[in-house]
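Taken verbatim from TrEMBL:
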type: DOMAIN; residues: 1-117; note: domain 'Response regulatory'
type: DOMAIN; residues: 130-201; note: domain 'PAS'
type: MOD_RES; residues: ASP52; note: 4-aspartylphosphate
Amino acid sequence: MVVEDNPGDYLLLEDYLNELFIVPTLIKAESFKETHEILTNSKEVIDVILLDLSLHDRQGEALIHDVKAVSGNTPLIILTGYSDENFAINSLSIGATDYLLKDELTPTTLYKSIVYSIERNRILRNLKYSEQRYADLFHFSPQPMWVFDVETLRFLDVNEAAILSYGYSYEEFLSMTIRDIRPKEDVPLLQQALIQLQNGGFFRGEFRHKKKNGEIIYVDLRSSNIIYNGRAANIILSNDVTANKIYLTAIEQQNDTLKNIAWLQSHVVRAPLARMMGLAHLLIDDELPEAEYREYLNELLNSANELDTIIKDIIRKAQGINFNIDKND
């Protein structure tokens with residue numbers, strides 16, 4: 001699109017464009033009003049706008065602002081007869097992609113400017129899309145995630161899952177450091193992890209974290225170094241493994257109980273049982289004196305009572321085992 005109210009300048013631009021591009025499609029506008037109508041209503045895709053700064057109904061910086069307001073991300077190349085360096089710099093700062101002097105304009109410089117502006121716009125558009133895609137992956141992740149400054153350890157960004165999991169608001173997180181979500185006694189472990197992270201760039205480990213309400217949870221952390229807004233930072237993915245930890249602890253306790261029961265069966269039960277078997281063999285002898293017979297019988301009864309007590313203890317311990325532990329409880 002060429003916005004130019006000087007017929008001679010427009011014909012020159014038209015010649016240059018036809019010389020350099022294969023059958024270019026030109027849309028002409030001679031005023032800001034006409035430009036506004038075309039940009040607002042046209043369904044055609046406009047690759048670049050060549051804008052003269054001296055239109056009869058709008059000029060200078062105001063013209064740039066107003067055209068940018070309706071042209072969106074379309075590359076905007078300024079064409080002017082005034083070589084004001086400060087104005088040129090300011091034009092670029094408010095959205096123009098290039099600034100060309102009409103007196104110095106050649107087919108080659110115009111071609112380079114157009115190709116550069118279109119390619120730059122494509123790269124920026126792809127970059128913005130990529131940044132938005134990764135931002136969505138970060139903020140919409142069901143797992144808590146955050147970014148922290150590797151120098152100050154302050155939180156730079158957190159996602160909604162982290163806010164819901166830890167109980168802090170977004171603003172509270174940004175006023176804290178990663179030390180603040182750890183029990184004080186675990187801070188030395190954090191320092192060791194940071195050293196490993198600096199050496200390797202990637203780190204994974206299990207830690208204890210403290211929620212806003214004081215609850216202690218176990219988390220499996222995965223971290224990697226990134227650049228965030230020009231600063232060295234680290235991105236963290238946190239997975240709450242507290243339920244797994246409790247489950248494994250319960251399993252270990254049950255295993256200990258079962259080992260204890262097995263030991264009782266193989267050692268403690270064996271002693272009274274061996275005595276009972278020996279006494280039973282003695283009682284078979286019909287020639288035993290009455291007094292000795294009664295003594296052996298009494299010993300047999302005592303051993304039976306001892307064995308009964310041991311068996312009851314084993315039953316009590318076995319009943320204390322929950323064989324239906326739910327990992328998700």
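Counting starts with 1 at the first residue shown.
Including glycine, each Cβ sits where the backbone N, Cα and C put it.
Long-range C-beta contacts of ASP52 (4-aspartylphosphate), restricted to its own chain and to partners at least six residues apart, with a cutoff below 8 Å, comprise VAL3, GLU4, ASP5, ASN6, ASP9, LEU79, THR80. Over the domain 'Response regulatory' (1-117), the average per-residue pLDDT in this prediction is 90. Remark: secondary structure over the domain 'Response regulatory' (1-117) totals 59 helix, 19 strand, 39 coil, with classes taken from DSSP.
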